[in-house]
């Protein structure tokens, strides 16, 4: 925990050294209080005193998760300020303020339910909270304050519902990241739906917002419904498919139509088949998807009837990392907008299939349970299997969160040009190489972990080679001699991979994106 915290503090200080404004000072105060509050959460988890059931075999992860959204907002604000885009500069301020308030709420919650009350941590949390609220008071307009409070309110209610319905699926830090992100997306969708201006906004952004909110609302609806009826019967399964079609065509499609002012299905078909390059990419991705399915079927065919508890090896699970790298790199080089939309569609399909598996919807629910059980690891301790969804999110978030409006020629200068590649470098290359080499040839273990020194060093070397290959094949990337910063960024994130017990597929790309954008 201490080593993980040191890496996070190094990232916070790096961003603070570059930005050096009131928000970066707030980030330092937030990191300091989250460091102390994290130990209160860890103690609550060990004693079973937390309000909800969180994922075991991991610490709370409060500090690394608390800093992600604020730091993303701060570096986005700086990039957009430099580009002269005032709207997105203010948007970055709102993102940073929202992230700080959500993290502060989680810290106050831990302090409040800890008995006896930890006096020192209370004082530190109060001081950090005072600094953050004072800064927000002098930095945000009234409408922006209301927006931040709306996200906090949505987060509180969403946390109470989902953490109760999905025990042992998240650590407190993962819940902050996932539910905080969903809360922010839901608030943005409501805000933009109420203030639709024809011709304003990119349709692919609306497509992401509606897809995320749609699958979450679909899951909540069926979770409540199947509390009162058996989901494993044919009648329930038929009702599931009918209601999915009704909600999709009767709610989500009209909602999307209102936002983009055109038929969503026709727009999507026109978008996907607009150029010859997109047809080639779609065909190539179809072949890769078929090969991924082939890996799943082949591994299950090897499972003997005597070894029902047999699990896929680390190397076998990393096949999917190689496949996903082969998927994303051509999209990043040739057509990032297509990759953006394809990743949104893929996320919706993944979540829908997880609903089918979780609710045992006929005819594929039980089959999916059997096929995917082979690839479970210790992080899938709850009722949901989220590892493959986290992998998709880790690769996609740098593409989705890339500030296109603040990039004059579609790319940022310096290390910022590598921002869309953050997922590929951190998860697709770094995490994969570290796991494969660490588990096969690694001997020197980092203190207190199962990760090896050889795996981490090999991961750093592999990511540097990957950056060199990106420079060769992607002509839009121009690093402007920022090689030392890239090496430091890759090294810090690789050290975080060695020490964190959180979902690395989700955490590592976001930290690498923060460093590249800074």
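Positions of Cβ are set from backbone N, Cα and C atoms, glycine also.
Residues 62-64, 66-67, 70-71, 73-75, 77-78, 93, 96, 100, 103-104, 107, 120-121, 124-125, 127-129, 131-132, 135, 138-139, 488, 492, 495-496, 499, 511, 514-515, 518 of the same chain lie 6 or more positions beyond the ends of the transmembrane segment (7-36) yet place their CB under 8 Å from a CB of it. According to TrEMBL, the feature transmembrane segment maps to 7-36 (among others).
According to TrEMBL, the feature transmembrane segment maps to 56-75 (among others).
Positions annotated as transmembrane segment by TrEMBL: 87-111 (among others). If you look at the transmembrane segment (87-111), the same-chain residues 6 or more away from its ends with a CB under 8 A from one of its CBs are 23, 26-27, 30, 33-34, 37, 40-41, 44, 51, 60, 62, 65-81, 117-118, 121-122, 125, 128-129, 132, 136, 139-140, 144, 147-148, 151-152, 155-156, 172, 176, 180, 183-184, 403, 405-406.
Taken from TrEMBL, the feature transmembrane segment applies to 148-166 (among others). Sequence-remote contacts of a segment are chain residues at least 6 beyond its ends whose Cβ falls under 8 Å from one of its Cβ atoms, and for the transmembrane segment (148-166) they are 51-54, 94, 97-98, 101-102, 105, 136, 140, 175, 179-180, 182-184, 186-187, 220, 223, 382-384.
According to TrEMBL, the transmembrane segment annotation covers 206-228 (among others). Long-range Cβ contacts of the transmembrane segment (206-228) within its own chain (Cβ-Cβ under 8 Å, at least 6 residues beyond either end) map to 161, 165, 182, 185-186, 188-189, 192, 236, 240, 243-244, 247-248, 251-252, 255-256, 259-260, 264, 268, 340-341, 344-345, 347-348, 351-352, 355, 359, 400.
Long-range contacts of the transmembrane segment (235-257) within the same chain, counting only residues at least 6 positions beyond its ends with a Cβ under 8 Å from a Cβ of the stretch, are 193, 206-207, 210, 214, 217-218, 221-222, 225-226, 229, 263-265, 352, 359, 361-363, 365. Annotation source TrEMBL lists transmembrane segment at 235-257 (among others).
Tertiary neighbourhood of the transmembrane segment (277-298): same-chain residues 316, 319-320, 323, 326-327, 330-331, 334-335, 338, 342, 371-372, 374-375, selected by CB-CB distance under 8 Å and a gap of 6+ residues from either end. The transmembrane segment annotation in TrEMBL covers 277-298 (among others).
Per TrEMBL, transmembrane segment is recorded for 340-360 (among others).
The transmembrane segment annotation in TrEMBL covers 381-401 (among others). Same-chain neighbours of the transmembrane segment (381-401): 55-57, 72, 166-170, 208, 320-321, 324, 328, 332, 336, 339-340, 343-344, 346-347, 350-351, 354, 357-358, 372, 375, 419-424, 426-428, 503, 505-506, 508-510, 512-513, counting only residues six or more beyond its ends whose CB sits under 8 Å from a CB of the stretch.
The transmembrane segment annotation in TrEMBL covers 421-441 (among others).
Positions annotated as transmembrane segment by TrEMBL: 453-473 (among others).
Cβ atoms under 8 Å from those of the transmembrane segment (485-512) belong to residues 3-4, 7-8, 10-11, 14, 57-59, 61, 64-65, 68, 72, 171, 173-174, 177-178, 379, 386-387, 390-391, 393-395, 397-398, 414-415, 418, 422-423, 425-427, 430-431, 434, 446, 448-449, 451, 455-456, 459-460, 463-464, 467, 479 of the same chain, restricted to positions at least 6 beyond its ends. If you look up TrEMBL, you'll see 485-512 (among others) marked as transmembrane segment.
If you look at the transmembrane segment (56-75), the same-chain residues 6 or more away from its ends with a CB under 8 A from one of its CBs are 1, 4-5, 8, 11-12, 15, 19, 23-24, 26-27, 30-31, 34-35, 37-38, 41-42, 44-45, 92-100, 102-103, 106-107, 110, 168, 171-174, 176-177, 180-181, 184, 378-379, 381, 401, 496, 500-502, 507, 510-511, 513-514, 517-518.
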